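Everything below concerns the one structure shown next.
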Amino acid sequence: MFYVKTLSHEIVLEPVHFGQKLRATLVRLLKEQVEGLALANYGYVVNVIEVPEDQIKSGVIEYDTGSVIFTVQYTALLLRPFIHEVLDAVVSQCNPLGFFAFVGPLRIFVSKHSMPEDMFNGFDGEKDAWISDDKEVVIASGSGVRLKIKGRTVEQGNITAIGTIKDNYLGLIDDGEAQGPV
């Protein structure tokens, strides 16, 4: 799910930024441009951990604009869902087809066909929740669920996943209601 990798990124810097704080400006722009970005082969860039001094290459001047293109290598913390990985997620929305849950920036859809049989016809439109036949399991917005990743898609710089709660030890783990002091 989380891993550390060394990546590279090109930054175009206008002449107004040249000066004593060039390195700090490059690091700031790198973080603004890549943190939260979904890279197709690697996953979401959660955080830029390190930008070694010697990994900022000399810039190449664009003669038309006077800007300089710097290639910067950096170490990043990445979030990438793997097929068959089990994750704990928070439900954000329920609808008659299933529910959406989030693990950080990763959006996961669980279809009603990927729920246990006792929940297949259990959508309650008034409560916007999935309820089991015995009324003991209620999955609503804010609930915590343990799910397994079945598939993953990358589209327009965004990663989404399809999940299931149909296997053993998967399903509701937290009803989302905070427990008060006892």
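Cβ coordinates are placed from backbone N, Cα and C, and glycine is handled just like the others.
The domain 'RNA polymerase Rpb7-like N-terminal' annotation in TrEMBL covers 13-66. The annotation domain 'S1 motif' is assigned in TrEMBL to 81-157.
Broken down with DSSP, the domain 'S1 motif' (81-157) shows 6 helix, 42 strand, 29 coil.
Under DSSP, residues within the domain 'RNA polymerase Rpb7-like N-terminal' (13-66) fall into helix, strand and coil as 19 helix, 14 strand, 21 coil.
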